[in-house]
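Undergrad: So Swiss-Prot lists the following for this protein:
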type	residues	note
REGION	1-23	region 'Disordered'
TRANSMEM	44-64	transmembrane segment
TRANSMEM	78-98	transmembrane segment
TRANSMEM	233-253	transmembrane segment
TRANSMEM	268-288	transmembrane segment
ACT_SITE	Asp321	active site, 4-aspartylphosphate intermediate
BINDING	Asp358, Glu362, Phe389, Ser390, Ala391, Arg392, Thr393, Arg394, Met395, Ser396, Lys408	ATP binding site
BINDING	Asp531, Asp535	Mg(2+) binding site
TRANSMEM	601-621	transmembrane segment
TRANSMEM	627-647	transmembrane segment
TRANSMEM	665-685	transmembrane segment
Amino acid sequence: MNSTSTVRQPGGPRQQRRHTPKANLSDLYQRAFKEAWVKLNPKIMVKNPVMFMVWVGTLITGMLTLNPNLFGVTGTSAMFNGLVTVILLFTVLFANFAEAVAEGRGKAQADALRSTQTQTYAQRILADGSLEMVSSTHLRKGDRIVVSVGDIIPADGEVLEGVASVDESAITGESAPVLKEPGSDVASSVTGGTRIISDELIIRVTADPGKGFIDRMIDLVEGAERSKTPNEIALTVLLAVLTLVFLIVVATLPPPANYIDSPVSITLLIALLVALIPTTIGGLLSAIGIAGMDRVAQFNVVATSGRAVEACGDINTLVLDKTGTITLGNRLAETFLPVNGHSLKEVAAIALAASIFDTTPEGKSIVRLAEKMGATLDFDRQQAEGVEFSARTRMSGTDLPDGSEVRKGAVDAIRGFVRSRGGKSPTGLDEAYGKVSHLGGTPLAVCRNDEIYGVIYLKDIIKPGIQERFNQLRRMGVRTVMLTGDNRITASVIAKEAGVDDFIAEATPEDKIQVIQQEQAAGKLVAMTGDGTNDAPALAQANVGLAMNSGTQAAKEAANMVDLDSDPTKLIDLVTIGKQLLITRGALTTFSLANDIAKYFAIIPAMFAGIGIGALNIMDLKSPQSAVLSALIYNALIIPALIPLALRGVKFRPLSADQLLQRNILVYGLGGIIVPFVAIKLIDLGISLL
């Protein structure tokens, strides 16, 4: 159907914002409980070698419950076998429940993202300029559409015309509207599912239905199978080897036990095996990995894989853009500094002419400052032509109708431009350049043809608290490198004030890749942020690439993490989360292995009670049966008891690796020995009262 364009003006009925729904804990636990039973499928259980052995043991003791003499006379009753079976079954279920809860939280995030997607109608612009109302499912990449106040943007796209405020709270959770306009990579990118709350935009669709940003995020979050990280695989292999070794040890016990006339029942052998193998970390390992991705999601960051989250914890070098990460964002024109005898008004007029086609926030601030000083254009803008900034020339400007060329840019670039036209560097330029640089600002020179008129002072403000965050990273052994297009003096001042370890001035996009490659060649893992198309190669090269949701499609596709809030500083938080993931896994592994000591002292004396090794019963457990049941009950209950810690993570402290290791051994090693001794004794006392 064809129609004419009708533009709804601001001031109409206020649209109610949708908020990302939170997962209902009751529903989450109910689904996790059901999923725990589903995961008893042997095809699923075999993926976790530790819990698979417990599962097999459950089947065997279950058969012995039905027929205690199935494998010959064992000396254990059906009642005892049944109790062991129930305890082992719950051990497996608790491990499955931990994984299901972690997975459920990820699925809740996918549901929240999916809730932002609604089938809407869009006004598609046809070749003759007329409008056609179509369903959002019929839009294709390259289509041009019109969206007005109150409309939900039907697909990912790029703003071609117009300026409007967009409510992105459905995706980012941030209530403040975001200004969208053509020009810069960041401001011109829009995401399907967000809402126009003022004015009108003409957008070019950049993704087919089902292939937009939100669709990709949903696919990543609820992928059919979470791929394990290298460290997780290594730990799984270690646990599998330990399980095999202990299985061989247990399997070789019956002959010597029979020889000393102290036969051991199959049920007791299974109990010993379960006590020997590291069931605690085996039951929580998957949950820890999934929870790491979930903690990242709670920061409104979507990771493409657990590998990316884990890599954050191993990062040695952070490569950070100055603007937006270390400083508050867009530099703003503060004042003009005339040189070569020119007046302030003359500099303002040339700066206005050089910036009139510049749609960046910096360019607009120069225009505002010049107009505030009374500057006006002395040419017809329609007959002039804008010259865009490029990383190669490091300047931009305007070609005037009379053939004159006005330019603004890096001081050395403008010097070269003027000299190429027969001019020379004027007196006072170096002084103005140095003055701005020593203030930590960015100096831009402005010229007309072969004459430099003055310097523009662009002011940068360091983000509050950023120095302390860099100090924390330094204590963790992470090196920070600031990249900036500023000159060396300005870069040095800002680097010193911010507290970064190193900086690269007058950097180009190629420099980012070189820095990353140099660090990686030295065996370092590198993380960086980016939002523009020119950042995409470096984001792909980095071990951790964090793209901004407000950035270009190319940047988001190259990165392995996307920040829905578009906050570059969040990369520092991700390093902390990654280290917390590794520390949590290490702490619970230490605790699990230390637990085994108490379980040995409970079960081994019970197995060989007839040969007089009562001295090993240091916990004074009441009976062999009570000792076995107490150890197995503790073994089962410790898994759900540690689920909150596995999901939340061990509290992170910015310490060195040696300090973290010492603390890990003291808290989780010593604690892993003491806690089970106390708990098993208390359980034994409880059983004796029954």
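Numbers here mean position along the shown chain, with the first residue as 1.
For all residues, glycine too, the Cβ spot is worked out from N, Cα and C.
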Undergrad: If H, G and I count as helix, E and B as strand, and all else as coil, what does DSSP give for Asp358 (ATP binding site)?
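TA: Note: Asp358 (ATP binding site) is coil by DSSP, not helix or strand.
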Undergrad: Can you tell me which parts of the same chain pack against the transmembrane segment (627-647), counting only residues 6+ beyond its ends and a CB-CB cutoff under 8 A?
TA: 83-84, 87-88, 90-91, 94-95, 97-98, 101-102, 105, 268, 271, 274-275, 279-280, 283-284, 287-288, 291, 294, 584, 588, 591, 595, 598-599, 602-603, 605-606, 617, 619, 621, 676, 679-681, 683-684, 687
Undergrad: Measuring Cα to Cα, how far is Lys408 (ATP binding site) from Asp321 (active site, 4-aspartylphosphate intermediate) in Å?
TA: 22
Undergrad: Sort Asp531 (Mg(2+) binding site) into helix, strand or coil using the DSSP assignment.
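TA: DSSP assigns Asp531 (Mg(2+) binding site) to coil.
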Undergrad: Using other CB atoms within 10 angstroms as the count, which residue among the recorded positions Asp321, Asp535 scores least?
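TA: Ranked by other Cβ atoms within 10 Å, the recorded positions Asp321, Asp535 bottom out at Asp321.
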Undergrad: Do you know offhand how many angstrom separate Asp531 (Mg(2+) binding site) and Asp321 (active site, 4-aspartylphosphate intermediate) by C-alpha?
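TA: Per the Cα atoms, Asp531 (Mg(2+) binding site) and Asp321 (active site, 4-aspartylphosphate intermediate) stand 10 Å apart.
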Undergrad: Counting other Cβ atoms within 10 Å of each Cβ, which of the binding-site residues Asp358, Asp531 scores lowest?
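TA: The binding-site residues Asp358, Asp531 were compared, and Asp358 has the fewest Cβ atoms within 10 Å.
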Undergrad: Can you give me the same-chain residues 6 or more apart in sequence from Met395 (ATP binding site) with a CB-CB distance under 8 Å?
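TA: Correct list: Phe389, Arg407, Lys408, Gly409, Ala410, Ala413, Ile414, Phe417.
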Undergrad: Expressed to the nearest Å, what is the distance separating Asp358 (ATP binding site) and Asp535 (Mg(2+) binding site) at their Cα atoms?
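TA: Answer for this pair: 21 Å between alpha carbons.
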Undergrad: Check Thr393 (ATP binding site) against DSSP and tell me helix, strand or coil, would you?
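TA: Its secondary structure by DSSP: coil.
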Undergrad: Neighbour count, 10 Å Cβ-Cβ cut-off, for Lys408 (ATP binding site): what number do you get?
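TA: Looking across every protein chain shown, the total is 27.
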Undergrad: Return only the integer: C-alpha distance in Å from Asp535 (Mg(2+) binding site) to Thr393 (ATP binding site).
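TA: That separation, Cα to Cα, works out to 18 Å.
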Undergrad: What's the CA-CA gap between Thr393 (ATP binding site) and Asp321 (active site, 4-aspartylphosphate intermediate) in angstrom, rounded?
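TA: Roughly 20 Å, rounded to the nearest whole number.
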